[in-house]
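Peer 1: The structure that follows is given in the form of structure tokens.
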């Protein structure tokens, strides 16, 4: 495997915490390639059925990994997805789990049209730190970091932190 010149970053967290907003802006500021797994799956029809209870397609995780593997080995990719344990550990140099206050998250998800079980389960997922625990089990603890994502100020602070980390990574590895 050739040496990467740029890091791979995973942005993960419950739906509605701000992964997409952060990821797109981060790509803009760093020149890294932004990949939203939902969009990738939609474009390539990387699904394995439909979940009637949650009213959404079921991701074909193996096909998603196959689709991204070469791009990930080259480096310079920001991956945005609400799950994290489907990706190979070797892919990421750092993992950021975005966290949002439950009341705010509830409001954001309601605004997206989430209702009933889908809404409740996603808020509970945030309350019980499900994604953070998944990340801690799936990746080396040293590369997993939680970031607050409640306000525009949080977003700006997170961007500055990750841009700085990216610049430092590139200095250290090139």
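Residue numbering: from 1, along the chain as shown.
From the backbone N, Cα and C atoms, a Cβ is placed for every residue, glycine too.
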Peer 1: Write down the single range among 78-88, 89-99, 100-110, 111-121 that appears in TrEMBL as region 'LID'.
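Peer 2: Range annotated as region 'LID' by TrEMBL: 111-121.
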Peer 1: Which range, 12-35, 36-59, does TrEMBL list as region 'NMPbind'?
Peer 2: 36-59
Peer 1: Can you check which residues sit near residue 21 (ATP binding site), meaning Cβ under 8 Å from its Cβ, same chain, 6 or more apart in sequence, and list them in order?
Peer 2: 155
Peer 1: What is the one among the binding-site residues 19, 112 whose Cβ has the most other Cβ atoms less than or equal to 10 Å away?
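Peer 2: Result for the most crowded candidate: 19.
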Peer 1: Taking helix as H, G and I and strand as E and B in DSSP, count the residues of the region 'NMPbind' (36-59) in helix, strand and coil.
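Peer 2: The composition, in the requested order, is 8 helix, 10 strand, 6 coil.
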Peer 1: Find the longest CA to CA distance in the recorded ATP-binding set 16, 18, 19, 20, 21, 112; express it in Å as a whole number.
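Peer 2: Max Cα-Cα spread across the ATP binders: 15 Å.
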